[in-house]
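Marked as topological domain 'Lumenal' by Swiss-Prot: 1-41. Swiss-Prot lists 42-62 with the feature transmembrane segment. Feature annotation from Swiss-Prot assigns topological domain 'Cytoplasmic' to 63-568. For Lys353, the entry in Swiss-Prot reads N6-(pyridoxal phosphate)lysine. Under the heading N6-acetyllysine, Swiss-Prot lists Lys353, citing similarity to another entry as support. Annotation source Swiss-Prot lists 3'-nitrotyrosine at Tyr356, Tyr366, citing similarity to another entry. Look at Swiss-Prot and you will find Ser564 tagged as phosphoserine.
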Amino acid sequence: MPSTDLLTLKAFEPYLEILEVYSTKAKNYVNGHCTKYEPWQLIAWSVVWTLLIVWGYEFVFQPESLWSRFKKKCFKLTRKMPIIGRKIQDKLNKTKDDISKNMSFLKVDKEYVKALPSQGLSSSAVLEKLKEYSSMDAFWQEGRASGTVYSGEEKLTELLVKAYGDFAWSNPLHPDIFPGLRKIEAEIVRIACSLFNGGPDSCGCVTSGGTESILMACKAYRDLAFEKGIKTSEIVAPQSAHAAFNKAASYFGMKIVRVPLTKMMEVDVRAMRRAISRNTAMLVCSTPQFPHGVIDPVPEVAKLAVKYKIPLHVDACLGGFLTVFMEKAGYPLEHPFDFRVKGVTSISADTHKYGYAPKGSSLVLYSDKKYRNYQFFVDTDWQGGIYASPTIAGSRPGGISAACWAALMHFGENGYVEATKQIIKTARFLKSELENIKGIFVFGNPQLSVIALGSRDFDIYRLSNLMTAKGWNLNQLQFPPSIHFCITLLHARKRVAIQFLKDIRESVTQIMKNPKAKTTGMGAIYGMAQTTVDRNMVAELSSVFLDSLYSTDTVTQGSQMNGSPKPH
C-alpha cells in the first residue's frame, strides 16, 4: 500500500508540471530579450538597478517617516514662495516678539556683567553681588511653583551646602585620588537598587539628571540591538513618555514609535503589542508619566517584554522616590513597578526630586550588569591612554554626589516615608476637591503627586493665565490642552493647598462668566503652537526661548539674543 507522503507528492505532480512549463517560458523570454545586449551592458544595468533599489530602500526606510519628511519639504517650499513666505515670516517675527515680551525672566532692571573686573573682588563683595542675583528668584519659597523645588528646608540646605563644600574639588573621574567619593557613589547606587528590589546582580550609575539617565538606558539598548543585527533601533514608548526618549532617538540615530493612550491616560498595551517590530530595541513605561501623573501598567507591558525578549525600561525619574515608599506610607500601589516584575530590565530615578538631593543628581539602574556594559564607552586606542567612561560626562562634580549621599543618610527610611505620606495626603486631598469643581476635570487616575486639569467648557490655558496672575506657576501641556500641578513638600504646608483651591475656584468662576472668550498672553501662544501644522515653525519659536536663556540685553534694548546674528 503506497504511503501517505507518496500519495501527497503524486497529487502535486500536475501543478509541478504546469510550474515547470511557465518557468521555462519565462526563462526563454528573458534570454531572448537579453540577446540584443552585450555582456558588459547586462552587468552595468544590474549594478545600476541594484544601486537604485538600495537607494530607494534607504530613502523610504529612515528613522523619520516618509510622510513626515514630505510634509517638512512642502512647508519649507511654501515658506520660500515670494508673497506667502513673506507673510508667514512677518507673522512668525511678530509671534517671536510676543514670546520675548512675555518672558518674565528677561525683565531685569540691572546691567549685565559682560567682562571680567580689572581687579578681583573680595569674598564678601562677591557674596554680596550674588545676593542681588538670588533676590531675583520667584516665589518658590511660598510653595506656588509646580514641582521645581522639592524641599527647600533650611536645615537640609545647610547640610547639603556643607557636604558639597567638603567635596567641592573632587571628581569621580579619578577614583584613585578620591576613593571616598567612589565609595559614596557605589553606596548611592546600591541603596537605590535595594529600594527598587533589585537582585544581587542589579547595578547602576550616578548621572547628572533624568534626561541623562534615560539617554544612557537608550544607548545601552541601541548597542545591544546592534549586536543582534538591528541597524536602526526602535524605541516603543507611550505618547506620554518623557521627551528625553525623543532626544535619545535624535542623539543616537534611533527611531521612536509613540503608542497611544487609553481614556485613563495609561499606555494602550494592545497598541504597544502592535507597535513591536523586528527592529524594536526597547519598550518604555512611566511611573508616573510627567504630563498627567498616571502610572502605566508595568506588569502587562513586562509580559510583552518577556514574550518578545525585548528590554523594558521603567522611567521613574519623577516619582521614583515616592513609589518605593508608598506602601509603608499607607498608600500601597495597585501593581508592582520595579525589579520584582519579570521583564523590567532598567529603571531611571531622580534623587534630585523626591530624594531631596541638590539638582544634578539622578540614577539609572539595571537588573543585570550585562545591560550596563552596553552603556559604557571605552576607547582603547587613544594616545592619552585607555579612556573608559560610564556615562556621558567625563569629569563630574563630586560635591553633588556627596550632597546626594548626605540627603539619603539624613532622611533615612523613616524620613522618606513621612515625607511621602505628607505629599500623597496633600495630593489626594487636592484631587478629590478639584474633581468637584464644575467646569474642569482631572485627567485619568493620578496616584502620586501630579494632577492634570482639563476643561470641556473653556480654553484651559485661560485658567493657567489667571493662576499666574495670582502668583502661581503651573505647567502647560498639549495634545490634549491641559495644565498640571506637581505637589512637593512645600505644598504640604497647612495653608498652601487651601489657598491653591481657593484661587482655582475663583479663577474658574470668573472664566465661566464668559467661557468662550479668547485666551491672551502666553496661553494664546501655547494654544497657537499646538494647532500649528508645521512643527518646524514651532521648533523655531521654541528657539526664541532657548536663545533668551543667554541674553545679556536689557528688555528695553530690543529682542536680539546672544548668538543671534541680527534682530528678527
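Including glycine, each Cβ sits where the backbone N, Cα and C put it.
Across the topological domain 'Lumenal' (1-41), mean pLDDT in this model comes to 76.
Between Tyr366 (3'-nitrotyrosine) and Tyr356 (3'-nitrotyrosine), the C-alpha separation comes to 22 Å. Shown in sequence order, Tyr150, Ser151, Leu156, Ala407, Phe411, Ala419, Leu489 are the residues of the chain, 6+ apart in sequence, with a C-beta less than 8 angstroms from the C-beta of Tyr356 (3'-nitrotyrosine). Within the same chain, the residues at least 6 positions away from Lys353 (N6-(pyridoxal phosphate)lysine) whose Cβ sits under 8 Å from its Cβ are Gly147, Tyr150, Cys317, Leu318, Gly319, Gly320, Phe321, listed in sequence order. Neighbour count (other Cβ atoms within 10 Å of the Cβ, all protein chains): 28 for Tyr366 (3'-nitrotyrosine). The DSSP secondary structure for the residue listed as 'N6-(pyridoxal phosphate)lysine' is coil.
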